2 protein chains.
Amino acid sequence: MSMLQDKFRLQIPGPTPVPTRIQQAMLRPMMGHRDPESSELVTACSQRLRPLFGTSQPVLILTASGTAALEAAVVNSVKPDGEAAVVVTGAFGDRFAKILNKNNIVTHRLDIPWGKACTPEELSAFLKERPQVEAVFFTYCETSTGVLNPIRQLAAVVREQTDALVVVDGVSAVGGAPALADEWGIDILVTGSQKALMLPAGLSFAAVSQQAWKRIEANTRPRFYLDLAAYRDSLAKKTTPYTPAVSLFYGLEAALDMIEEEGLETIFVRHELMMRMTRAGVRSMGLELLTTESDASPTVTAVKGENGSAESIRAEMKKLNIRLAGGQQHLKGKIFRIGHMGYSDPLDIVTTIAALEVAATRAGVPIKLGAGIQATEEEWIDASRADH
Amino acid sequence: MSMLQDKFRLQIPGPTPVPTRIQQAMLRPMMGHRDPESSELVTACSQRLRPLFGTSQPVLILTASGTAALEAAVVNSVKPDGEAAVVVTGAFGDRFAKILNKNNIVTHRLDIPWGKACTPEELSAFLKERPQVEAVFFTYCETSTGVLNPIRQLAAVVREQTDALVVVDGVSAVGGAPALADEWGIDILVTGSQKALMLPAGLSFAAVSQQAWKRIEANTRPRFYLDLAAYRDSLAKKTTPYTPAVSLFYGLEAALDMIEEEGLETIFVRHELMMRMTRAGVRSMGLELLTTESDASPTVTAVKGENGSAESIRAEMKKLNIRLAGGQQHLKGKIFRIGHMGYSDPLDIVTTIAALEVAATRAGVPIKLGAGIQATEEEWIDASRADH
């Protein structure tokens, strides 16, 4: 085995690299989860997470991966005989639909071509025919395509036309893109730990609106581990209902230190810049982006590669020690995805684009060698000019 | 703050101290959970866990704490119109009952006085009146009282008298006490990571029998994140259905290395010895044990302390930098609990008993100073004599 085997760059859209500082924090000696120190830790994390969700409500923390928080949003928001709508823009919208189906919920599905965002007009027309739905499920950043759905506008459409709760999968977005749950009218906003929050997987999060709590309390659908009211009630007593993943909480505290030190606005600007640098590089070397400028997410970029080139480029990238992600479901083999979120900086993008030129050339895909990296650097230089 | 603030000894019944070797393993760089390295990791962990569960089946690994695995056992084993029986010997049997109730399952509850194990005779009489139950839920080690229920005999009673599945909460037992799922006829055996497995909380485990799979497949009760068949099917494809807590899997691999190096039989002997040393020390200094010899668990020991002495002794122990656990529910304030499982050795018990003599004396509880530690040491010496 190569001495360099551990030296890979993880440029996938989650899990993201874990900073040394967070790893060190996770090494604190184990403590009892009912000790006063744990109460402080749980309470402080919940409070400090609020700006990332744009809410004045405490943020609930589940020991489970993001899918559990998606299911928690489903089983808490839709009553046993209730109907739901889900906007599917990719594999994670589809996961919401699967969770709804598995829970025997009558589901109205708005399918948008993968690679495009849902428009307010599409949603409006769809909901006009289905005013009875109790909740509408959205994906903010659709990780499988690199699309950022216009949640602010979509939430406004729901508010205007129905009484439904607005439920948003914020995985791959919260912490990397602005999310203003209170201001935008999001009722339940969830995310996971292994994306912009820079942690290993194992924690997930939910911010819940006052309006949603009323519905949740009246909802008799069976649930125990995923009962959000249990998390809220325990948090009021400064604890968690079930054993928390304490080492990940140690890491979360360090992640919040890092986020507060850089500042959320600066973090969002950094993510936007990484997106622009990635897109400029890909486009200028002659590869094709999956999404338009206006639909693009600041955290992940999908690149087209027909006739097997997506997978052969990804394989060459792996040999260069950079890990990219492939496509999912019907996009498998047709795209590759570059993650640029969390503990990732513009220089990582320079490295990735430079390697991409080498990898594409080695894979026999005709690109303009040097053109990509030049465009990437120009985006970076322009950004620092704008700063001065 | 004292320089010694981190030097506390965590002698509670979970979470247990995390060995340095496991902490170091968790520091490996983050990797993609769909990468081939992750497939190897997940598959190897699942295979290597089998001896701890006494099963030839692969062990399923959930990213969630133990309660999620308890609920998974419930929602997978009992059909929508099915009835269940639960044996409640303490707070964790009661948790099973709560999960059953929250899931609207008609539940027949056999309550045993806290501090005692359920006998085969009690169970037999109880089940005779309720042959219709689809599953019987047991707690192997009842962490809240330090009772080890005789699961082998109890499972035999269920097999003899009913067609019900035998479901066992193995938290605080698996890895510290023998658990032979296949041989004893356990259909679902679950545990969590933060007990005898020496890891932080965040993973839980389920071993499922062939007979149980047939019932699970025919069960239409809604479930997604807790659908055990999803974990089984993904494992057959060398992966997990949802994002796994990769850093905890790194730790699990190291924990299995440590367990295999010491050997399961040696580990069980060590836990039995720690139990005997603890009980001898407590009894000889003049304090009262909650459970009888034959009902006692090798992983946790509960000590009575009426009129507030349990809490005052525990508070003095904390000042000495040893953390013990209190009582739960109606035993709150009436007992304290000493955990002796996982990364814990006889010398930790010597330390704990010595400190307990000091703490009890400081708390004004009359004990025979020196008598406890002498009895503890004698148990240890006897054990090493028996080895030669």
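Count begins at 1; order follows the chain as displayed.
Every residue, even glycine, has its Cβ placed from backbone N, Cα and C.
Feature annotation from TrEMBL assigns domain 'Aminotransferase class V' to B:30-329. Positions annotated as N6-(pyridoxal phosphate)lysine by TrEMBL: B:Lys195. If you look up TrEMBL, you'll see B:Arg337 marked as substrate binding site.
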Please work out which residue of B:Lys195, B:Arg337 has the most C-beta neighbours within 10 angstroms of its C-beta, and give that one of the recorded positions. B:Lys195
I'm checking region-level scores; what's the whole-number mean pLDDT for the domain 'Aminotransferase class V' (B:30-329)? 97
What's the CA to CA span in angstrom from B:Lys195 (N6-(pyridoxal phosphate)lysine) over to the residue listed as 'substrate binding site'? 14
